[in-house]
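Enquirer: Quick one: the structure is below, and I'll ask about it shortly.
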Amino acid sequence: MRVHKDLETLRHAASKAMIALLWIHPPLIALIALWTGSPWVFAASAAAGLAAVATGCLALWGERRETHITIAIAMVGTVSLIVAELSGNAWQIDGHMYFFAALAVLTAYCDWVVLLVAAGTIAAHHLVLNFILPAAVFPDGFDLGRVFLHAVIVVLETGALAWLAYQLAGLFTLTQQALAETEAARQAQAQANAREAQRIQEATAERQRVQADLSTRLESEVGAAMGAMTNAARAVHENAESLSQAAVGAASSTAQIVDASEETKVSVQTVASATEQLAASVAEISSQLGRAAGIAHRAVEGTGQATEKMQALAAKTTQIENIVQLITGIASQTNLLALNATIEAARASEAGKGFAVVAGEVKGLASQTAKATDEIKGQVEAIQAEAGLVVSAIAGIARVITELEEITAAVSAAVEEQGAATAEIARAAQLAARGTGSIMASLSGLSEATGTTKAAAEAGYGASGSLKENCEGMAASVHRFVQTMRQA
């Protein structure tokens, strides 16, 4: 027997079972009619009609309350037809038991409304036919007491069944809700499990990635560091060996340095003495250059004064030229006046002869004056030309003397710097002479230190060899550790 999980499935199964039961009744009613000797066509046809109406409603409306009510009425109607076919038979009163069975069957819908409609239909059937056609209800005819008795029984059964149907419907609803909640919880849990599995998978992948990355980085960085340390240890080992060899060479070279330092001390003292003499000579040269610079400066000043006097002379000659030009103008006007006087004397005939003689003399003087002024002008121009040449020559001399003064000043400054440098060299030479003695004292300590360095270099050579071996062993250990992490 199948257990239905939800109310809709149960009602659908109940509808199919009741439709099948309704279609069983037409032939069953026909058989009952033949058994009791009653007419069967109308009753069987009515039962078939009720079954057809119920089937049509189910096909048209589906699982709705209206369909269930129609099936309930058809079921009660079919039972009423069976009771009617048992009219006059001792089994008729027992046929009423089918009404109670029909109510119990209709409880499968778990709908108290359907049960109330079915109970109302039974009550209406009993009450109406008890007055209209009592033989179709009870074997002894009209019996109102039995109607009320059956009504009370139907009410009690319907009440109990309606309460049960209501409870079953509520339980189905609660069960459906619980199932829905359970399904939702199951799906949520499944989703949570899926997310957790995905998270675990991602975390595992991330852990593996980080572990692989860490292994790679560890191998790369630590390996590089260990390689560098190994190379450094090897280099230290080689350098220690070189240092040991160099210390041996340094010990032999120190003795040579001591001898060379003694010779250097003597040479430095000689250089200091010569440098002092050079400083004295440089000071004397600087003094002579200072005097030469003073003479050059005075020469520049003298050429400046000569230039100024020649420029004044040029100005005077310009003034003379202006005066000569004025005299030339006056002579020209005098000559013109003499010419006019001669013309007037000619007009005056005999009276103007004396005046003409005077005019001729004036004209002759004017001509001589013009000639003299021309000669003066030529001499002045020659003087101006010579003065210009003299000014140019003096300016050239001034430039040369100025350059000589600048050169003398530069040489004097250079000599002063050389003197300062020479004095500094002299002081340095004295310091070097004193320092050479200190070097001689230090070289003895250097010889001892060289011996100590040699011993330390030999010890470092041995320690660097051990360090190189330890670094190589550590690099191998790191490589094995990385391989173990990658396999984990």
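Using the three backbone atoms N, Cα and C, a Cβ is placed for every residue, glycine included.
Pulled the feature table from TrEMBL, pasting it below:
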- 12-34: transmembrane segment (TRANSMEM)
- 40-62: transmembrane segment (TRANSMEM)
- 69-91: transmembrane segment (TRANSMEM)
- 97-123: transmembrane segment (TRANSMEM)
- 144-166: transmembrane segment (TRANSMEM)
- 232-468: domain 'Methyl-accepting transducer' (DOMAIN)
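So that I understand the layout, could you describe where these features sit and how close they are to other parts?
Expert: Residues 15, 18-19, 22-23, 25-27, 29-30, 32-34, 70-71, 73-74, 77-78, 81, 84-85 of the same chain lie 6 or more positions beyond the ends of the transmembrane segment (40-62) yet place their CB under 8 Å from a CB of it.
With a cut-off of 8 Å between Cβ atoms, the residues of this chain six or more beyond the transmembrane segment (69-91) that come close are 15, 18-19, 21-22, 25, 28-29, 32-33, 36, 38, 40, 43, 46-47, 50-51, 53-54, 57-58, 98-99, 102, 105-106, 109, 113-115, 117-118, 121-122, 125, 129, 135-137, 139.
Listed as Cβ neighbours of the transmembrane segment (97-123) (distance under 8 Å, sequence separation of 6 or more from its ends, same chain) are residues 7, 10-11, 13-14, 17-18, 21, 65, 68-69, 72-73, 75-77, 79, 82-83, 150-151, 153-155, 157-158, 161-166, 168-169, 172.
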Enquirer: What is the average pLDDT across the domain 'Methyl-accepting transducer' (232-468)?
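Expert: Averaged over the domain 'Methyl-accepting transducer' (232-468), per-residue pLDDT gives 67.
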